[in-house]
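Reviewing the structure listed below.
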Amino acid sequence: MIHDMIKTIEHFAETQADFPVYDILGEVHTYGQLKVDSDSLAAHIDSLGLVEKSPVLVFGGQEYEMLATFVALTKSGHAYIPVDQHSALDRIQAIMTVAQPSLIISIGEFPLEVDNVPILDVSQVSAIFEEKTPYEVTHSVKGDDNYYIIFTSGTTGLPKGVQISHDNLLSFTNWMISDDEFSVPERPQMLAQPPYSFDLSVMYWAPTLAMGGTLFALPKTVVNDFKKLFATINELPVQVWTSTPSFADMALLSNDFNSETLPQLTHFYFDGEELTVKTAQKLRQRFPKARIVNAYGPTEATVALSAVAITDEMLETCKRLPIGYTKDDSPTYVIDEEGHKLPNGEQGEIIIAGPAVSKGYLNNPEKTAEAFFQFEGLPAYHTGDLGSMTDEGLLLYGGRMDFQIKFNGYRIELEDVSQNLNKSQYVKSAVAVPRYNKDHKVQNLLAYIVLKEGVRDDFERDLDLTKAIKEDLKDIMMDYMMPSKFIYREDLPLTPNGKIDIKGLMSEVNK
């Protein structure tokens with residue numbers, strides 16, 4: 001168990017100064033270097049006279065300088081706001097408007113003109129590192145102080161900045177490094193692929209730094225180039241893979257992504273979107289002895305609140321994989337519309353309470369009041385997810401409440417439709433989306449389909465292909481759930497965080 005993230009990092013800087021903490025395409029940085037660089041930058045930040053505990057925006061990608069900057073800010077008592085350098089300009093501006101940062105540290109080239117906020121660019125940061133200024137940690141982030149603020153991808157209005165405190169982070173980290181479901185290896189060698197602006201990144205950097213391991217970063221330029229991606233992955237000595245299931249699906253396109261090529265890759269941790277039986281089965285075939293962990297949780301509850309190691313029995317018997325056993329320190333309940341707890345087996349909204357729950361959204365009391373509340377004397381959060389609990393304490397996912405529609409009198413879970421579409425022998429991936437009429441009622445269901453390789457060659461027309469898919473699914477899908485229109489694509493759009501962009505497709509359909 002750790003009690004202070006900075007003290008833990010400092011401990012490893014003293015006891016294993018020459019051990020690698022960060023490796024980005026062979027450029028290696030040690031724990032000793034991380035201490036020297038973050039000390040020097042923390043001293044410089046202190047000299048700027050910023051408002052105490054004010055948030056600082058950090059802009060960039062997967063560079064080592066990002067990690068060193070985060071550590072420096074934590075030492076100097078400031079929360080950091082990670083913003084990915086591939087973000088849309090409107091999003092960056094919206095985050096600036098909401099967050100009102102006291103400083104911008106730009107590891108990538110900052111794309112906006114800013115008059116009223118000082119900026120440190122990467123050349124200045126590098127020069128500060130070279131100064132090697134000693135630093136005594138006296139006012140680091142602690143307790144309920146904000147450790148980081150991550151902005152969600154809000155589809156309407158301004159994005160919301162989720163405030164995660166040092167206590168929140170400790171609740172998550174100590175659970176992950178001690179939980180038998182994860183079984184994190186000693187001194188883990190972890191893949192660092194999800195961008196720092198996505199809280200899934202905390203699932204790789206927090207346990208790695210807490211246990212003195214090494215992060216192996218994958219820059220976006222590599223991730224976006226299939227040839228480079230597969231060549232790079234095959235050379236990385238990572239034990240632990242942390243990503244969305246969608247990114248794993250991308251990796252599975254390479255026949256070399258298997259235990260023979262990557263014998264040291266023994267752990268897969270998934271969060272951020274639903275892990276399907278189909279993806280888990282493919283992974284089990286490629287990595288028969290690997291530990292595949294399905295985790296679940298909203299950003300507002302610090303990365304994840306439940307996790308389970310997927311068994312062969314689950315892969316054989318479950319239509320939908322369980323999302324885990326919940327954290328001991330975080331009471332998790334399923335409630336009805338009146339807020340009453342439901343018995344095991346009954347479906348309702350999942351709520352989480354306890355020390356992992358955020359204090360709310362930065363500078364947004366209205367949205368905070370809508371989502372955060374007190375439940376049985378504890379801070380709690382409405383997840384907006386449907387679920388149920390088994391008698392064995394396993395949490396089952398039932399879909400998003402906002403992805404639940406009413407069509408021809410039937411209540412339909414869009415995720416259920418998508419899950420069934422993905423079971424067709426012809427389908428590689430699929431998503432169901434509703435089209436609304438001018439009265440905002442569902443007019444029909446559409447399916448976006450990516451076909452398996454070679455399938456299109458077997459059919460002259462899309463109509464014949466659609467008939468074949470419907471025939472394939474007739475025994476597992478009710479007629480009222482079957483989409484009336486099938487749209488065939490080479491790929492499905494992803495959000496900047498690597499999830500399938502369902503809401504973007506819904507917007508496209510309903511222009």
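Placed from the backbone N, Cα and C atoms, the Cβ positions cover glycine too.
As given in Swiss-Prot:
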- THR152, SER153, ASN294, ALA295, TYR296, GLY297, PRO298, THR299, ASP385, TYR397, GLY398, GLY399, ARG400, LYS499: ATP binding site (BINDING)
- ASP199, VAL303, LYS499: D-alanine binding site (BINDING)
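Annotation for TYR296 (ATP binding site): spatial neighbours ASP271, ALA304, LEU305, SER306, ALA307, ILE323, GLY324, LEU395, TYR397, criterion Cβ-Cβ under 8 Å with sequence separation of six or more. Compute the center of the Cβ atoms of ASP199, VAL303, LYS499, which mark the site for D-alanine; besides them, the chain residues with Cβ within 8 Å of that center are PRO194, PHE198, LEU200, SER201, VAL202, MET203, ASP271, GLY272, GLY297, THR299, ASN497. Each residue contributes its Cα atom, and for ASP385 (ATP binding site) and ASP199 (D-alanine binding site) these two points are 18 Å apart. By neighbour count, meaning other C-beta atoms within 10 Å, the densest spot among the binding-site residues ASP199, ASP385 is ASP199.
For the recorded site, ASN294 (ATP binding site), the DSSP three-state label reads strand. Nearest to ASN294 (ATP binding site) in space, judged by Cα atoms and limited to the binding-site residues ASP199, VAL303, LYS499, is VAL303. For the recorded site, VAL303 (D-alanine binding site), the DSSP three-state label reads coil.
When the Cα atoms are compared, PRO298 (ATP binding site) and LYS499 (D-alanine binding site) turn out to be 14 Å apart.
A sphere of 10 angstroms centred on the C-beta of THR152 (ATP binding site) encloses 16 other C-beta atoms.
Under DSSP, GLY398 (ATP binding site) is assigned to a strand (E or B) in the three-state scheme.
Residues ASP199, VAL303, LYS499, recorded as binding D-alanine, reach a greatest CA to CA spacing of 15 Å.
In the shown protein chains, 22 other C-beta atoms lie within 10 A of the C-beta of PRO298 (ATP binding site).
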